[in-house]
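S.K.: Got a structure here, written out as structure tokens. Questions coming.
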Amino acid sequence: MKKSHLVKRGLQDANQPSSQPDKVGWIRRFSGKGIFREIWRNRFVMLKGDHLFIFEKEMKNNGKTHEVFDLVHYERSEELRKAKSHSKKNHSKFTLLRCQHPGNKSPNLVFLAVSPEEKESWINVLNTAITRAKNRVLDEVTIEEESLLAHPTRDRAKIPLGRRLPTRGHLMAVGSASSDGMLTLDLVNEEDAAMLDEDEWLKDHRASLDKLAPGRRRAGTDASRPPASNTEAQEKTSSLPRKSEISWSQEDHPRTPQNKKKFAQVRNRCASMDDALSRGERKPKKNIPSPTGHLQDLITQRLQRTQELLAQIQEQEPHRGRMGSYPYLRGIDSPRLRHLKGSDSPHSKGSSSPHSANSPSVRAKDSPSSKSKESPHAKSKDSPRFKSSKNALRSKSIDSPDSKESSSLHMKCIDLTHIKGSQSPLSTGSNSPHMKSTDFYQMSYSPNFRNMKGGDSPLGEALDWDSRRAAAERLLQEAISSWREAKEVLAEVKELQARQRREELSKTGMASQKLQQKSP
């Protein structure tokens with residue numbers, strides 16, 4: 001039976017390789033299956049290098065090889081055992097598996113050793129030879145002398161270890177002595193580049209700050225720069241300022257270097273160290289100042305707005321203080337005018353005029369509604385709060401040059417309505433409905449008062465001004481209430497800040513305790 005699957009068939013001289021073989025011995029080789037049983041033939045096998053030689057007879061001086069197998073085409077050698085076989089041959093079989101590369105025609109070899117120990121020995125030797133054959137391509141690589149790497153510093157003279165590096169002054173002297181002077185120019189340019197102006201350094205510092213912390217920029221405003229004015233900040237939003245914005249707006253000027261040497265140090269440091277240090281330096285301070293200034297600015301803005309409204313009302317009535325200068329009011333000595341001038345008024349101490357005797361407002365003094373003026377609710381008009389608000393309003397709205405005529409009819413009428421009418425929002429202490437409307441409406445519904453009120457008389461204009469003044473007082477009351485609300489909000493903010501500080505202190509204390517417990 002001819003074997004057509006052999007790798008090499010021919011006559012080769014076994015003595016040709018001069019080195020000693022790795023292993024030799026007789027092994028039975030599997031040659032196929034017969035009709036009733038497997039066919040095993042004895043062969044003399046020799047392993048030398050990365051080749052496996054198989055002989056039919058024992059090798060002699062002029063022995064010729066029967067088959068030669070190159071172990072490069074094989075993958076590994078392993079034990080071959082059937083699952084349900086109790087034969088002694090089952091314990092000594094091993095195989096040599098070929099590689100699964102395309103075009104590889106080497107056969108799988110199956111051998112039967114004399115004993116299991118001999119089988120293990122052949123498996124180990126064959127696996128070692130296969131590994132050596134795989135690495136043969138790398139071992140055969142030779143490097144020619146011409147292709148060696150050139151070492152430009154191998155033959156260079158070495159500097160002694162104790163020698164110092166040249167200083168800048170020495171380099172400047174050498175550069176000035178040279179003909180071209182390029183070295184001197186380079187050194188001077190390097191020094192000029194190191195000595196940057198503080199403005200340029202601050203611009204770079206701010207640019208890097210914006211790149212590192214883009215979250216600080218919100219709604220088109222740069223939080224790293226302080227706002228231009230408080231009014232501009234309040235026009236943008238009417239709510240309380242944020243915590244991060246407070247910390248960056250109230251922070252002092254950016255840290256500038258102390259001397260010129262720090263510029264060169266900052267420029268020479270590596271970027272990673274600069275970023276790491278700058279992140280730590282740019283953290284906001286833990287002790288954030290309280291936002292009292294912003295709240296006070298908000299309150300003062302509300303008060304300024306109220307003053308502006310009062311000033312606008314005063315400008316709308318430029319002739320309100322000139323009522324005493326009308327010629328038809330100077331020479332008139334009528335009882336009706338004396339009734340309104342104050343001393344003979346029925347709402348003052350007493351009156352002897354016929355109009356005051358017959359006026360329904362005089363009779364109203366004995367009414368039960370007028371007696372309620374002596375009640376404790378009516379006494380609240382004389383409280384310090386009422387007096388202070390009244391004086392503040394008078395100082396803001398009546399101190400103009402047009403309103404300095406204190407004896408005019410207009411001012412007396414306004415004082416009369418303040419004392420008797422109690423329509424001002426500041427006199428909130430009088431909770432009685434009779435207290436608010438009795439005297440003023442009795443006087444307004446009297447026939448004498450109706451005659452004075454009709455037409456375009458100055459008294460009608462004074463009453464119109466009184467209603468506008470009441471509106472101004474209402475605005476002032478709203479400003480005072482908003483100021484109180486701002487104070488309450490400020491107290492809440494302070495309480496929240498104190499709570500956050502206590503939580504931070506407790507966290508740091510717990511962390512320090514854990515570190516102390518871990519350290520021993």
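Note that Cβ sites are derived from N, Cα and C of the backbone, with glycine treated the same way.
Sharing the features that Swiss-Prot gives for it:
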- 227-241: compositional bias 'Polar residues' (COMPBIAS)
- 242-255: compositional bias 'Basic and acidic residues' (COMPBIAS)
- 333-347: compositional bias 'Basic and acidic residues' (COMPBIAS)
- 348-361: compositional bias 'Low complexity' (COMPBIAS)
- 363-385: compositional bias 'Basic and acidic residues' (COMPBIAS)
- 396-418: compositional bias 'Basic and acidic residues' (COMPBIAS)
- 420-439: compositional bias 'Polar residues' (COMPBIAS)
- 497-506: compositional bias 'Basic and acidic residues' (COMPBIAS)
- 509-520: compositional bias 'Polar residues' (COMPBIAS)
- 20-131: domain 'PH' (DOMAIN)
- 1-23: region 'Disordered' (REGION)
- 208-296: region 'Disordered' (REGION)
- 313-439: region 'Disordered' (REGION)
- 497-520: region 'Disordered' (REGION)
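Help me picture these features in the structure, burial and contacts included.
M.R.: The DSSP breakdown of the compositional bias 'Basic and acidic residues' (497-506) into helical (H, G, I), extended (E, B) and coil residues amounts to 10 helix, 0 strand, 0 coil.
Averaged across the domain 'PH' (20-131), pLDDT in this predicted model comes to 83.
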S.K.: When secondary structure is assigned with DSSP, how many helix, strand and coil residues does the domain 'PH' (20-131) contain?
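M.R.: Computed counts for the domain 'PH' (20-131) are 23 helix, 48 strand, 41 coil.
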